[in-house]
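Trainee: According to TrEMBL, the signal peptide annotation covers 1-32. Here TrEMBL flags 242-264, 308-335, 341-362, 374-396, 408-435, 466-488, 500-526, 533-556, 576-602 as transmembrane segment.
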Amino acid sequence: MCRGTGRPSGGCQRMMLHSVLILFLFLGWALGYKIGDNVTLYVNKVGPYHNPQETYHYYTLPVCRPEKVHHKSLSLGEVLDGDRMAESLYNIRFKKNVEKTILCQLTLSEKQVDELREAIEELYYFEFVLDDIPIWGFVGYIEESGFLPHSHKVGLWTHLDFNIEYNGDYVIFANVSVKDVKPVPLEEGAGAAVGGVGVGGGSLTVTHTYSVHWFESSLPYSRRAERLRDYSFFPKTLEIHWLSIINSLVLVVLLLGFVIIILMRVLKNDFARYNVEEEGGCDDLDQGDNGWKIIHTDVFRFPPFKSLLCAVLGVGAQFLTLATAIILMALLGMFNVHRHGAINSASIVLYALTSCVSGYVSCSFYTQINGQRWVWNIILTSSLFSAPLFFTWSVVNSVHWWSGSTQALPATTVLLLLGAWLLVGFPLTIIGGIVGKNRAGSFQAPCRTRNIPRQIPTQPWYKHTIVHMAIGGFLPFSAISVELYYIFATVWGREHYTLYGILLCVFAILLSVGACISVALTYFLLSGEDYQWWWRSVLSTGSTGIFIFVYSVFYYRNRSSMSGLVQSTEFFGYSLLTAMVFSLMLGSVSFWSSLAFIRYIYRSLKMD
């Protein structure tokens, strides 16, 4: 604490300055620049244009680099996103135009020329970052001309023109241009280049230059994200698709209305028929009847693999909570498009914190259905998704590490993630499980279950599990098929998803369709006197994950230009995990909907 009435000391001044800086950062305010202030340009990564997840550090190419590379401190989300920012040689001053200036002069060996040629032919693009604004551009230029004779020319961009927009003391937008710039041709071998390139002894001498131009903008700093969204270096596919959304909504409303109305009419007739008898209780209702009433003494018979079922329900509830929280946070504007990896960081933190939900739901229901090995249930719940995730990540990360990609996580990040699970996720699962076990009540079955199970009659083909999985998986998938393309284009592309209001509507529609279809399929199952509905209800709409994975294969082959071992391994590995997440979420919703429906219909039977 600074004391006295005199002038504050140097240490006190530094403390005050640090406090102000922390306050600014906490409130999300930006510190403006003064004329002539250094605006640091970070080089980040390069990679094939059509393989978004195959990225390498910019300095892996033979380009201008400082003698000692200084890396920027990155957040967890940025590291997970493959960012590896390092300071560049570009000298950019706020509001100071720079005409053509030499950045550096490089003498490239024949091997380095071949590296550049290969990168340019694979459409390598680079990503720089200036004041949290990404700047993209291609490494070189390819020209194909003529059929006979055919010519194939490869050129290297050696001059970059930076165009930066500002408003007052803030940077609004930045991009790079090669307009009116001639690329330096790179011929086969290192001995035949012209136009600013010196040749000698099997090597090339290339001079890299740059220029900087500042332009005033009327766009306020608080809206600069809009300027980035309007920029079109990458193809624009995420437009507001009202016609498709309205079409999906109409189809879903009609489907839900059809299911609800038909099911309610059928149930009304069933209640009118079953409640004619006024003698006897619920245990005497199976005299001379058929249908779902006759299996009332078996319908609440607990299923096999109780621990696994409860683990599925717990992890499904966790992902429902996680998905809802992410969408709501996005709607509140908590994910700035200029902040790299913000959603990645939030997902990691929320996954660890919501582990208590999975432990609570799983162990609570496990106790209700007379489960005894609750410790094993907690361990199974904690590892049901984390174990496949770790295995998939190990394979994908090994491929990235082998190829030298920046998507390979450093050891410190791996230890951080492992520590988050061991110190936060797993303990919260245990705590949630203990609380759920202690607060679990009775199962509340309306009818008693007999000791001897009833024989299930032979079912027609359309009531088999595979048929129900096909129906129950396809209908929810059809409700989200339109939006699924835009989600894939965001996750496996380079665009920032901004239609979170529509996404929330689609998410609600998905859960509603899954619940209604599950109830309908469960009723058809019970009407055939088949009381083994427990796992069937989970699998019916949980099979939506299979359709999503099949769609991912279709997207990879027909909607994207991705290729190669690195990109394919990551795409299919994480697509499998995505399908698993959808299966767990919808399986949980399906089960609880079916359980609530069954309790309702058996409680509604007339009893004396």
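Each residue, glycine too, has its Cβ placed from N, Cα and C.
Describe the structural surroundings of these features, if you would.
Mentor: Taking Cβ pairs closer than 8 Å, the transmembrane segment (374-396) reaches residues 307-308, 310-312, 314-315, 319, 355, 358-359, 362-363, 366-367, 407, 421, 425-426, 429-430, 433, 437, 569-570, 573-574, 576-577, 580-581, 584 in its own chain, all 6 or more past its ends.
Cβ atoms under 8 Å from those of the transmembrane segment (408-435) belong to residues 76, 79-80, 348-349, 351-353, 355-363, 374, 377-378, 381-382, 386, 397, 400-401 of the same chain, restricted to positions at least 6 beyond its ends.
Sequence-distant contacts of the transmembrane segment (500-526) (same chain, at least 6 residues past either end, Cβ-Cβ under 8 Å): 240, 245, 248-249, 252, 255-256, 259-260, 263, 266-267, 291-292, 295, 299, 320, 323-324, 327-328, 330-331, 463, 468, 471-472, 475-476, 479-480, 483, 487, 533, 536-537, 540-541, 544, 586, 589-591, 593-594, 597-598.
Cβ atoms under 8 Å from those of the transmembrane segment (576-602) belong to residues 267, 270, 282, 292, 296, 299-300, 309, 312-313, 315-317, 319-320, 323, 384-385, 388-389, 392, 444-447, 472, 476, 510-511, 514-519, 522-523, 526, 533-534, 537-546, 548-549, 552 of the same chain, restricted to positions at least 6 beyond its ends.
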Trainee: Six or more residues beyond either end and a Cβ under 8 Å away: which residues meet both conditions relative to the transmembrane segment (308-335)?
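Mentor: Here the qualifying positions are 342-343, 346-347, 350-351, 354-355, 357-363, 365-366, 369, 371, 377, 380-381, 384-385, 500-501, 503-504, 507, 511, 534-535, 538, 581, 584-589, 591-592.
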